[in-house]
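Per TrEMBL, the features are as follows:
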type: ACT_SITE; residues: C343; note: active site, proton donor
type: BINDING; residues: G239, E273, P274, G275, R276, Y371; note: pyridoxal 5'-phosphate binding site
type: BINDING; residues: R276, R312, Y316, E344, Y371; note: substrate binding site
type: DOMAIN; residues: 35-280; note: domain 'Orn/DAP/Arg decarboxylase 2 N-terminal'
type: MOD_RES; residues: K60; note: N6-(pyridoxal phosphate)lysine
Amino acid sequence: MDFFNYKNNELYAEDLAVTDLADQYGSPLYIYSKATLVRHMNAFKEALAKKRHLICYAVKANSSLSILALMASLGAGFDVVSEGELRRVIKAGGDPKKVVFSGVGKTAHEIAFALEQGIDCFNIESVPEINAISSVAKSLGKKARVSVRVNPNVDAKTHPSISTGLKSNKFGIAYDEALAVYRQMAADPNLEICGIDCHIGSQMTSGAPILEATERLLDLYKELTECGIKIDHIDIGGGLGVTYGDETPPSPYEYMSAVINRLKDLDISIYVEPGRAMVANAGILVTKALYLKKGSVKNFCIVDAGMNDLIRPALYNSWMNIVEVKKHQDAKVDLYDVVGPVCESDDFLGKERKLAVSAGEYLAVRGAGAYGSSMSSNYNSRLLCAEILVDKNKSYVIRKRQDFSQLWENESIAGL
Ligand code: LLP
C-alpha cells in the first residue's frame, strides 16, 4: 500500500496534487511519500518483532540522503556496497555500527575506511577477499567482524539479471566450500566471525526460495556450532518483491514469518537487507508528454524522462505502471509506446500502453522509488532530475535539479 491516490480523477502524493508539484518543481521529477516509507519500515519492524534483529536498508535501491536519514531515524541499519554508500550513510546520520558491507569488489581503501568507521560486519564474497580484509585489519591493528555470503544455489525464480544465488552467479562463496572458509577465518587473529549471510535475488514474489535458502543456512549454522564456531546473526539478505503490475508478493510479515519460525530457537539475531520493498512504491517519476507521434505501425508518446532517468525498462525489460496524472472522463484512449528523448532505440518507459493523454500533460511511472534515481545517469548530457519528498501537505526538495555547469564541473579542456 502507498499514499499515491486519485482524488477527483487527479493523482495525489499524500495531500498534494502531483500536477501542482510538477508545475512547481519542473519535470521530470521524482516524488517520494514519507508516509509510505515510514509504513514500509514499520512493516519490517513488525515482521521481525518476535526476534532480535537488524534491518539493514539496502542503500543501492535509493541512496538519497533524506531517505537514508529517515531510515536512520526509524532505527534502520544499512547494507552498503561501496565507500560512497558508507559515506552517504554517515553523512545522513546513520550509525556505522549498524552497517554491513556487501559486494564482490571491495578495495583495500574501502576496507580500511569501513574498519576505521567501526562497521558491524563485512559480508565476504570470496577467499581472496578474506586475505585482503585480514591484512588491512592487521595493518590498522583492528579485528574485522566477518560473515560469509554463502551462495546456497537456490533459484530465486526472478529475472536472470537480478538473480544472485545460483552457482553461475559471481556472488558469494559456494555452499560446499563455506565450512572450510569459516575454519580458515576462525584461525585468523585479525578476524572475528559474527554471522552467516546470503542474498539470493531481487523482486521475489514468493517466500519459498528464501525459506529454502534459510534451511541451507541453518544446516551450515549447525555444522559451524559443532566445530565450536560461534555465530551471532543470520542475514537473509533482501529480495522481497513489490507489485509493479499484477504480482502478488507476500507482505513483509508473511515473508518473514516462516523464516522466523525456523530460526526462533537459535540464540541469534536475524538481519535483513530490504531495498526494493522499502522504497519502490514510495516513489513515482513524473514526466511530461512532449509530443504524440503517429507512426505507421505504432504510436509514440514522447516524454521528457528517458532511460537516463529510469533505466529499468530499457535494461531489464521491466514492466512499470504508467498512469495519467489527470484522468479525463470519456477521453479518447490510444495505444502508445512511451519513449524518452535519449538517442537509443531502447529508450522507453513502457510499450503498448493504453493512455488518454495529450501533449503537455503529465504521466507518472509508479513504483519508481527503487533503482530509479540511484541508477540514473547523465547520458546524452541530460541533467539529473529534481527529487522531492512529500510529508502530508508539505513538500521538500531533497535533490535539486542539476544545472548545466555541473555536467562538466570535473572536466578540463586539455591535451590539445
Ligand atoms: N543485499 C544485497 C547484497 C544485494 O545485492 C541487494 C540487491 C539487496 C540486498 C537488496 O535487494 P532488494 O531488496 O532491493 O531486492 N537494479 C535491479 C535490482 C538489483 C538488485 C541488486 N542487489 C532492479 O532495478 O531491478
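Here, residue 1 is simply the first one shown, and the rest follow in order.
Using N, Cα and C of the backbone, Cβ positions are placed for all residues, glycine too.
Where the annotation comes from TrEMBL, it is an automatic prediction and has not been curated.
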Give, as a single whole number between 0 and 100, the mean pLDDT over the domain 'Orn/DAP/Arg decarboxylase 2 N-terminal' (35-280). 95
With the Cβ atom as the reference point and anything under 6 Å counting, tell me which of the recorded positions (R276, R312, C343, E344) are near ligand 1. R276, R312
Under 8 Å Cβ to Cβ from the residue listed as 'active site, proton donor', same chain, six or more residues apart: give me those in sequence order, or none if nothing qualifies. N380
Among residues G239, E273, P274, G275, R276, Y371 annotated as binding pyridoxal 5'-phosphate, what is the maximum Cα-Cα distance? Answer in Å. 15
For the recorded pyridoxal 5'-phosphate site formed by G239, E273, P274, G275, R276, Y371, name the remaining residues of the chain with Cβ within 8 Å of the site's Cβ center, in chain order. A58, K60, A61, S202, G238, L240, A277, M278, A370
Among the recorded positions listed as K60, R312, Y316, E344, within 10 angstroms of G275 (pyridoxal 5'-phosphate binding site) by C-alpha we get K60
Expressed in Å to no decimal places, the gap between the Cα atoms of E273 (pyridoxal 5'-phosphate binding site) and the residue listed as 'N6-(pyridoxal phosphate)lysine' is 11
When the Cα-Cα distance from E344 (substrate binding site) is computed for each of the binding-site residues G239, P274, R276, which gives the smallest value? R276
Which of these binding-site residues is closest to R312 (substrate binding site) if you go by CA atoms: G239, P274, R276, Y371? Y371
Would you kindly give the Cα-Cα distance separating K60 (N6-(pyridoxal phosphate)lysine) and G239 (pyridoxal 5'-phosphate binding site), rounded to the nearest Å? 13
Of E273, E344 (the binding-site residues), the residue whose Cβ has the fewest other Cβ atoms within 10 Å: E344
